[in-house]
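Here's the structure we're looking at; comments come further down.
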C-alpha cells in the first residue's frame, strides 16, 4: 500500500476527531426521538434503590451496565493515547468497547499499536474489532480478518455501514455492491459474532432482517440524532475546496440531516423478534445521540439490550470528565429503574414506555 494512501487515511482519522470535538456537526433535525417517550412511572416500585443492579449480559458475558463505549478512533499517532484512556475506563466499569475502523492498521502495520493498546489496558472486557462496508465490498482476505481479530484479541467484529458518510467524504467509496453477500461470508467463517452498525443514519427493520438472515448476531442501529457524519465529511470537504457545489442548496440541508431517528430504529428492529433468522435470538444496541442515563433507560425500555455512545464520551474524555460522566449516567439509569420498579435490566426491558408507537402492556 502506498505511503500517500496510508498518510491520507491517518490524516482523515485525525481530522474526524478534531471536527467531532470542535465542529458544529450534530443533527439539526431529526432528533433521536427519545423525547417522544416517557418511562412509565411506578408509584409502588416495591424495590430498594440500594438493591438495584445495572449488571447485565451481552453475547453471553456479564457486563457492568448496559452501555458500550462505541467505536471512535485509531490509526494515527495520537489515537493510541485516546484508546488507552478509553480502555482503562471501560475496564474499570466493565463495559464493552469498540475500536475505530481498523483499515489503517491493515494498510500499514506501524499503526497497529494504536489499536492493540486497548487489550493491554483492558484484559477482561469484551472488545470489538471494526471495519467499514467499503472494505467489505472490496473483499477482505482471511489474513485481513485474522490480523484484525488477533490485534486486539477481539470478541467480535463490527462492520459499519456508512453509505451517507462515504457519499459526502472527499475520498469516499460509494460502491456498496456485494456488501451483504460478503457480510454473510464473513459471518459464516468467523469464530466470533458479527455486529452490523450504522454510523448515524439508522438501520431500519427491513435492513436488519436482511442482516440477521445473513448471519449477523447484533444490530447496532446507530440512528439519527447525534453526530451527523455527513456534516463531519462536509466540513472536511469545505476545508479542502472552499465550498460544496456537489449538491443543490435546496437539497443539501436535508442530506446533511439524513437518517432514521434512533428510537424509531429500535422499535422497528425489536418488532422482528422472534420471527427473524429462523427464530434465532439476536441483540440490539441503541446508539446515535445517547447523552444521558435516561437515554440508556429509554433505549432498554424500547427493546434494546444495551446502549452505546461515542461522541458524548469522546467530548467527556477531551474535558477530563469521562469517568464522572459515566458515573452520572449510571446513576441516571438506576434512578430510572427505581422509578419504574425495575430491580434489574431485564425488568426494565419489560417496562414499555408511554409513547405514540411504543408497545403498550
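Including glycine, each Cβ sits where the backbone N, Cα and C put it.
The annotation in Swiss-Prot ties 70, 71, 72, 73, 101, 130, 310, 311 to FMN, and of the candidates under consideration, 143, 189, 197, the one tied to the same site is 197. In this structure the alpha carbons, written CA, of residue 102 (substrate binding site) and residue 311 (FMN binding site) are 18 Å apart. For the binding-site residues 70, 101, 165, counting C-beta atoms within 10 A of each C-beta gives the highest total at 70. The Cβ of residue 103 (substrate binding site) has 22 neighbouring Cβ atoms from other residues within 10 Å, across all protein chains displayed.
Sitting within 8 Å of the Cβ centre of 70, 71, 72, 73, 101, 130, 197, 310, 311, and not among those site residues for FMN, are the Cβ atoms of 98, 99, 100, 160, 199. Largest Cα to Cα distance within the recorded FMN binders 70, 71, 72, 73, 101, 130, 197, 310, 311: about 17 Å as a whole number. When every Cα pair among 12, 13, 101, 102, 103, 165 is compared, the largest distance found for this substrate site is 17 Å.
In this structure, residue 197 (FMN binding site) is part of a beta strand by DSSP.
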